[in-house]
């Protein structure tokens, strides 16, 4: 499964150049202010002119102080942005905006912050505001393209990437992001050309190397994909995504030993002692996050409409889905919009390797299962991550797996419902009653090491009981028959 790196969220500012520009503007301001003061010596009105000069000098100092404050605030905004503290970055950037709403570098930063906070409409608005002041600002078009892509309008995103590149043909990030957009449209040849153009401009762009590897893998060019991933790792040995992609490459090729080797390397370069943060995955820190990591084909109109109802009833909530496959994203976004759901309430991320998938699952608040075909392996993963779910068992086996998994944790009764109406009410109730949900989460996490669901040794013994029962029936000349395994060594031995 492809694991394309997310679009760079940087705003491509050269701080040194900006500071030099500010200094030049300050010098021009001083010259303009001094030129207004008549210079007279040895006259009676010298004192008056001197007072005018002093007043002007005071104005100059105030103006310079204001600009120094702007620079200081903008620098703080930059530092918080790079550290992932987007709310603090927003506060500082807004303060700069109040002082100087026409400062385009700050408007670009504001747009980038809003992007990270998943307010894509405000991201677009701030970039448009900057472009009204400076229509040649290529980075604004690039960042607007990123926002439109997240909103699901890939065609508009492509158009803006192309404008950015027309304004700045050497804009390597725009070429790389354009490749990602083309891939979402299935235009693999054009995507590969854009990756190569990005690398021609910046050979050290590790994202482009990794993305080109994913494109090669999608076309069955395994050796070429392998070389691309290695190129990325030669530049940045700690680039975890490239190690993960290498593991996926060999897993699909059936070489499980090498896949495991690269997967362990992926874990080595990640800090195991560091708790994952929502900002690491572009998730909003302040929203209640529902999640469903099932493949998109498991979602039918009825359950998706129910999810939309839940999102509309729970303030400041979002639904986290996987591009599994990526082709379904635009359709689901369009369906959600038609149901009155805001664009920033639907969040898509790429599929991740198993350990990373479980690690980040804990960042959600509540898992919403798909009734027609439940979460099976995914259900086990999210429960192990300590993420409660809501599931609706139906009649067929594939619709009852998640309910069985929940019951095997010992706290499953609180996660199982009997109707679609009850499903919606349960999800809304848990989301609006945080103490109740937290209590369920705590009990689920506490049960993981003792409940039957994750007791592997016990599961193996009981499977062996079933095998021995079948063998003994065969040896005694009986026909195959259904039976229920009991943990009884006399009736169901596991060692003979």
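Including glycine, each Cβ sits where the backbone N, Cα and C put it.
What TrEMBL says about this protein:
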REPEAT    104-137  repeat 'TPR'
REPEAT    138-171  repeat 'TPR'
REPEAT    172-205  repeat 'TPR'
REPEAT    206-239  repeat 'TPR'
REPEAT    240-273  repeat 'TPR'
DOMAIN    277-463  domain 'O-GlcNAc transferase C-terminal'
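For the repeat 'TPR' (240-273), the predicted model reports an average pLDDT of 78. Note: the repeat 'TPR' (240-273) comprises 27 helix, 0 strand, 7 coil (DSSP; helix = H, G, I, strand = E, B). Within the repeat 'TPR' (172-205), the DSSP-based counts of helix, strand and coil residues read 27 helix, 0 strand, 7 coil. Residue counts for the repeat 'TPR' (206-239) by DSSP state, with H, G and I taken as helix and E and B as strand, are 27 helix, 0 strand, 7 coil.
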